[in-house]
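*Asks:* Pulled the feature table from TrEMBL, pasting it below:
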- 1-40: compositional bias 'Basic and acidic residues' (COMPBIAS)
- 43-52: compositional bias 'Basic residues' (COMPBIAS)
- 499-554: domain 'Kazal-like' (DOMAIN)
- 1-52: region 'Disordered' (REGION)
- 112-136: transmembrane segment (TRANSMEM)
- 148-168: transmembrane segment (TRANSMEM)
- 174-196: transmembrane segment (TRANSMEM)
- 231-251: transmembrane segment (TRANSMEM)
- 319-338: transmembrane segment (TRANSMEM)
- 387-406: transmembrane segment (TRANSMEM)
- 426-448: transmembrane segment (TRANSMEM)
- 460-478: transmembrane segment (TRANSMEM)
- 581-604: transmembrane segment (TRANSMEM)
- 616-638: transmembrane segment (TRANSMEM)
Amino acid sequence: MSEGVARRSGDRYEDPGGVEPREAARSRPAKDSGARETPKSSKSSKSRKKYRYLRLLPEALVRLGGFRKRKKAKSSVSKKPGELDDSLEQSCGLGCLVSRCCECCNNIRCFMVFYCILVLCQGVVLGLTDVSIGNIQREYSLKTFEKLALELSYDISSGLAVIFIAFYGDRKKVIWFVASAFFIGLGSLLCAVLFINEENNKSKVGIEDICTETKVVSGCQSSDASLQLKYLYFITLGQTMQGIAGVPLYILGTTFIDENVATHSVGIYVGIAEFTSIIGYGMGYAIGAPLVEVPEDSTSATNTAGTNGSTEWLWTWRIRFLSATLVAWFTLIPLSCFPHNMPGSTRIQAAKRKRLHLFDSKLKDLQVGTSIKDLCAVLWILMKNPVLICLALSKAAEILLIIGAAEFLPIYLENQFMLTHPVATILAELVLIPGGALGQLLGGVIVYTLEMSRKDLMRFIMATSVVSLILLMLTTFVSCNPVQFAGINEDYDGEGQLRNLTAPCNEKCRCSSSVYSSICGRDDIEYFSPCFAGCTYSKALTREKTYYNCACIKYGLITVDQEGDVIDARSGKCDAKCYKLPLFIAFIFSMLVYSGFSGVPIVLTITRIVPVKLRSLALGVCYVVLRIFGTIPGPSIFKMLGENACIFRDVNECGHTGRCWIHNKTKIAYLLVGI
C-alpha cells in the first residue's frame, strides 16, 4: 500500500498536502526491500526519461494520435478522483501542423464566427432549393412519389442519420464539422444542376386576358419525363446531402458549444446560431424568389423559353449556388484547425457535472461503449425519460406552428385583406422569418440574463407557450367584410351562377382560368380577369392598366380618361375598406416571437437532464421526434387541410389541376387558429 502511495506521489498533478515528498522517500533506508525495488526504480527512471523525451519533441508531433493516446493513458492512471486533467486540451492547428500565431483564435468566439458562416450558408442553400422545388412543381405535373421525394428528402435523410452521427460523432466533433462544410457545398452544386445544363423549354398556353371571339390558343405540350427524372435524382441527392450535413451543425454543434461555454452563457450562443439559420433561409428565399416569379398582372401566359431559359437567367442561378458552395468550402480549413477540446473546457465540464440534475441518479457514472448494443441500450434509457420525450414533443409542436403559419398566413392575408398573391407572400415572409429569428435570439438572451435553472427553464417554456396561444386566438377577432367577387359570391347581377366564372356576358370570350389577373370594376365588384369581365381592350396609363367596353360591368361610378373614354375597370383587387391589417400583423408577429422564446430553453433543458456523454444522443432523439411528428407529416397535413378550404381552382387547357386561386377565408381563419 505504501509503495502505491509513493508511486502516485511522484505525479506532477498530485496535491502535495498529506503526502511525503519525493526526496524524503528516496532518503529513507531501503530495509529489506532494496532487491525488490531496484527493478522498479530502474523502470521509473526509464519512464521519466521517455516522458522527458516526448516533452522535448515538437508540439506538432505530440498532437498525433499515437502519442496523445499514450499520454492520456498515463495521466488517467496517475490521476486521483476529482482532479482535473488539462492534458486533454489541445492547441490550434491543421492536423500535425501547429502554429503559435493561431492560438489567439483558439476560443469559442472565433469558432462561432466560422460556425455561423456555415450555418448561414446552409440556410441560403435551403432557401434557394425550396424556391427551385416550388418552380418545378409549377412547371411540371409531378407524380405523388416525385413530390414527396423533392419535399421530404432533407427531413428523411437527416432523421435516419441523426442517431448514428450523434452517437459516434460525439467523440470527434470537429471532423464532422469539416465533413458538414464539404457536403453543404457539394449539395449546393447538385441542386444547381437543374439550372446549369438545361433550359426550360416547357410551353405554356398562350391566352390573352381580354375578351375576343377569335382567340388563338397554342397547343399543350407534355413535359419530358426523362428530363424530370434527371432533375429529380440530382435535387433529391442534393437535399439528402444537405440533410446529413445539417445533423453535425445542429446536434454536435450545440453540444460542442455547451462543452466550451459556461452554463448560463450557452443560451446566447445557441440563440445566435438559431437566429443565423433562420436569417440564412430568408436570405436564400429572397434571393431566389424574384428569378422564378411570374408577374401577376401579365397580359398573357407565354412560353418561358425566352425568359427563364435565357443564358443570362441561367448564369444568375449559377452564381447563387456556386457562391454558396465557395462560402461553405471556405470554412473547411478554419474549422479543421480547431481542437476537439479548447483551452478551459476541462474546468467548464467539471463544473457542469457537479450541477447536473438527472432524472435517474443511477446514470451519473454511466459508462458508454461504441458497439451497436451499447447504442440500443442508451437509446432505451433515453426513451424512458418522460421529461425528454415531453420536451421533444413540445419542440415538434413549435415546428408545426411555424409550418402551419407558413402555409396558411399568405392565403389568409390574400383572402381576408384582399391583397395580391405576391404582396401577401412577401408580407408573410417579412413576418415569419424576422419573428421566428428574433424569438430564438431573444429567448437565448433572456436565459443568459436571468441565469435560469432547470426548473425555471421549464416554467419559462410553459409561460411563453400560453402567451403565444392567447395571441393567436386574438387574431380571430381581426377580420374584414368580404368583397363581392363575380362568380364566387356574386352571380353577375342575377345572370350567372355562384362558383361559376362563366356567364352570358362572357361566354363567347373563350376565357381561361389559367391566368389569374384580377380587376376591380366601377361597380365595386372584383372579376377574375378582364376576359371574365367581358372587356375588349385596354390601355396602359401612368401607374395602372385600365380596361374598357366591359360587357359584364353595367353600372357604377363613371370616370373617363384623358382621351374621353369611359373606364370600366382597373387592374388589381378592389379596396376592402378594412384598416385592421396592422393590428393583425402585430398579433401574428408577437405570437411568433413568443413561440420562438421556447426554442433555446428546450435545448438547454435537454442538455441538463441527461448524462454528459448522452447529450448529443439526447438531442438526436429530440431531432427524430421532431421529424416524425413535425416536419415530415406537417406540410402534407396542412396542404391537405388547405385544399379543403379551396373555393375555386385552376384547370388549364391541358386538363391538369393547378393551384387554388380563391379560398374560404372563414375556414382558413379556423385552420390558422387550430394549429
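Keep in mind that glycine also has a Cβ here, set from the backbone N, Cα and C atoms.
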*Asks:* Sequence-remote contacts (6 or more beyond its ends) of the transmembrane segment (387-406), Cβ cut-off under 8 Å?
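*Replies:* Same-chain contacts beyond the ends: 359, 428, 432, 436, 461, 465, 468, 588, 592, 595-596, 598-599, 602, 605-606, 609-610, 618, 621-622, 625-626, 628-631, 634-635, 638, 671-672, 675.
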*Asks:* Mind tallying the domain 'Kazal-like' (499-554) by DSSP state, helix then strand then coil?
*Replies:* 0 helix, 13 strand, 43 coil
*Asks:* State, in range form, which of 112-136, 148-168, 616-638 has the highest count of Cβ pairs under 8 Å to the transmembrane segment (174-196).
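*Replies:* Checked against 112-136, 148-168, 616-638; highest Cβ contact count belongs to 112-136.
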*Asks:* Excluding the flanking five residues on each side, which residues at least 6 beyond the ends of the transmembrane segment (112-136) place their CB within less than 8 Å of a CB in that stretch?
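*Replies:* Distant Cβ neighbours of the transmembrane segment (112-136) are 142, 150-151, 154, 177, 180-181, 184, 187-188, 191, 194-195, 228, 231, 235, 238-239, 242, 245-246, 249, 253, 257, 269, 272-273, 276-289, 291-292, 320-321, 324, 327-328, 330-331, 334-335.
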*Asks:* Using a Cβ cut-off of under 8 Å, list the residues of the same chain at least 6 residues beyond the transmembrane segment (319-338) that approach it.
*Replies:* 92-95, 102, 105-106, 111, 114-115, 117-118, 121-122, 124-125, 128, 174, 177-178, 181-182, 184-186, 188-189, 191-192, 195, 284, 287-288
*Asks:* Quickly jot the same-chain residues contacting the transmembrane segment (616-638) by Cβ under 8 Å, restricted to those at least six beyond its ends, or write none.
*Replies:* 151-152, 155-156, 158-159, 162-163, 165-167, 169-170, 247, 250-252, 254-255, 378-379, 382-383, 385, 388-389, 391-393, 395-397, 399-400, 403-404, 407-408, 602-603, 606-607, 610, 671
*Asks:* Excluding the flanking five residues on each side, which residues at least 6 beyond the ends of the transmembrane segment (148-168) place their CB within less than 8 Å of a CB in that stretch?
*Replies:* 126, 133, 136-137, 142, 176, 232, 235-236, 239-244, 246-248, 251-252, 370, 375, 378-379, 616-617, 619-621, 623-624, 627-628, 631-632, 635
